[in-house]
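Trainee: My questions will all concern the structure given below.
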Amino acid sequence: MFRLLRFSPSRYYPRSMAPVRWSTHPYHVTAPRMWGTRMPLQLQASLRPNNAVEKGISGDVKVAGAMVKPAASGGESAKSKTPTVSELKILKDLFRYIWPRGDRKVKTRVLIALGLLLGSKLLNVQVPFFFKSTVDSMNIEWGDVGTALPIAVTLTVLSYGAARFGAVLFVELRNAVFSNVAQSAITKVSLQTFQHLMKLDLGWHLSRQTGGLTRAMDRGCKGISYVLSAMVFHIIPITFEISMVCGILTYQFGASFAAITFSTMLLYSIFTFRTTAWRTRFRRDANKADNKAASVALDSLINFEAVKYFNNEKYLADKYHTSLMKYRDSQIKVSQSLAFLNTGQNLIFTTALTAMMYMACNGVMQGSLTVGDLVLINQLVFQLSVPLNFLGSVYRDLKQSLIDMESLFKLQKNQVTIKNSPNAQNLPIHKPLDIRFENVTFGYDPERRILNNVSFTIPAGMKTAIVGPSGSGKSTILKLVFRFYEPEQGRILVGGTDIRDLDLLSLRKAIGVVPQDTPLFNDTIWENVKFGNISSSDDEILRAIEKAQLTKLLQNLPKGASTVVGERGLMISGGEKQRLAIARVLLKDAPLMFFDEATSALDTHTEQALLHTIQQNFSSNSKTSVYVAHRLRTIADADKIIVLEQGSVREEGTHSSLLASQGSLYRGLWDIQENLTLPERPEQSTGSQHA
């Protein structure tokens, strides 16, 4: 059986793309999109740790010349399990933000906006009446004009202008008043979504493509803005204005005009809604292709160095081009269907307007209507063209925004699996803490166990090392203690208490971690150190920098601690990054310390200097330290060594006792590392030798 692995260059090479433009999501690039629009590319630093298997650009894997389709990725399976959110539920959830309980300020703004909306529509309907009066006043024999008529005409014209300006003024005031409500709603939803994503477990994040995730958040936030404005300023006003015009036509000119108007509105709405529903699938396909293109670009750009190392620029360009072509095809269908919708809408409205104008002209000829009435009917019906055009575009964009918001609200509906128990207690951090694994079984995949019925104890206040071959479960122990995952069986105790009964925040606050690849923010050295404890004073940060022996580095840098480390810390060396990580955990001052392959990527000289720094700062009995290591020389002085093999504890003891044990796995690993020799070169054949 072949073991299928999906290669991810980001596991081996740093991501080197600097941020281009900050938005609600970091690393936001805008690239040309087909047909004159723009396609934003979300470049988000991946949430996956470097030792996690990531999904590559292509989901297919070649094994022995055959193309093998891997099982559904975590993202796909997770997607199928994600709860669906109905449009009605989305609108109901959104209503809570524009009419929040107990917030009178927001409610007052909404009521004022609705009042201004009503006033603008009433003034807007008055405009055709003032125009009719002006036309009728002018339709006289000018030789009989007295002095009073010009004044009446002047007042009518002034009223016409005042009504038009008043309607526009009320609309702008309404927008200004409601903008605060809309932006506050967007801010609240964005923040709540971000906070919810931070609460979701690590397994959920590993199963998602970050580029598509940030794109969904970006579109969803924009969708909120549009839905709020559409519902408050378009749907309600259009309905109100159509009802008012139909009532006026019925009262002024009879049921025949109102019947045509009502039939037109009904046919127009049915055609718009059905055509838009048909177009929705094209929009969904476009969004899917858009996410795919963004993910391909994201994976390619953040692994820029790997692309160059293997000369695969053309391969990735072809991948990106394929995604863009799918997006282009979807957008063409969107544009073509939009042209069909606009043509149908205009045909329906123009036919109705022509019929009503013909009827009005007959009325003028028969003497039942005046020329002013003809103008009034034309103005009233034609005035509906604006809200009707809005109805079509608003419904189209409203459906699209609801689709975009669906993805955003789906994120909020994902359940948090790692959470506090009802009676969670705080973990005491004023004393050394021990860690006990009792019959723990765990696997990232149900078909592949990483730990199998493991039991061991990490003594309090002592240095314990965990060693073993690759894949034996060493780093998994940290993830379980940190409660990134829950064990399938057994339990883990810290300080004598099951970690499931401990407050999650207090547990994680008690654990300090120095990882193999230190995650750094694209910020200054000072801010990166401060991240270990953001409430620390300047003096405490300086002491942590001194203890981690970063002072010399800062002295050699032109800007000192204000130097920006670059994306993922590329502006400083590996040893300096690890010292920065040590400064962080010194600032955190946690009673439990994990060093997860903290020196494996360093040269011998840097490794020894870093081990000396660790020894100076973490050798006291006040802290429990756990070292996960491949290089056995770095943990030879440990008080206890736990050797793992194939997910089980093979042996335990000190360095000397394990070396003294004949046939021990630890001794075999030690001998291999200490007696490593170069393989002999094969002898050349006699025929190839030269005298």
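Backbone N, Cα and C atoms are what each Cβ position is placed from, and that goes for glycine too.
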Trainee: Looking only at the topology recorded in Swiss-Prot, are Lys333 and Ala360 found on one side of the membrane?
Mentor: no
Trainee: Sort Arg283 (glutathione binding site) into helix, strand or coil using the DSSP assignment.
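Mentor: Note: Arg283 (glutathione binding site) is helical by DSSP.
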Trainee: Of the binding-site residues listed here (Arg279, Arg283, Thr343), which is spatially closest to Gly471 (ATP binding site) when Cα positions are compared?
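Mentor: Closest recorded candidate to Gly471 (ATP binding site) by Cα: Arg283.
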Trainee: Fewest neighbouring Cβ atoms within 10 Å: which of the binding-site residues Pro469, Gly473?
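Mentor: Fewest other Cβ atoms within 10 Å, among the binding-site residues Pro469, Gly473, is found for Pro469.
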Trainee: Give the residue counts of the topological domain 'Mitochondrial matrix' (274-339) per reduced DSSP state, in the order helix, strand, coil.
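Mentor: Reading the DSSP string over the topological domain 'Mitochondrial matrix' (274-339) gives 62 helix, 0 strand, 4 coil.
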Trainee: Which range wins on Cβ pairs under 8 Å with the transmembrane segment (110-131): 155-178, 228-251, 374-395?
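Mentor: Result: 155-178.
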Trainee: Show which residues of the chain containing Arg283 (glutathione binding site), separated from it by at least 6 in sequence, have their CB under 8 Å from its CB.
Mentor: Val334, Lys399, Gln400, Ile403
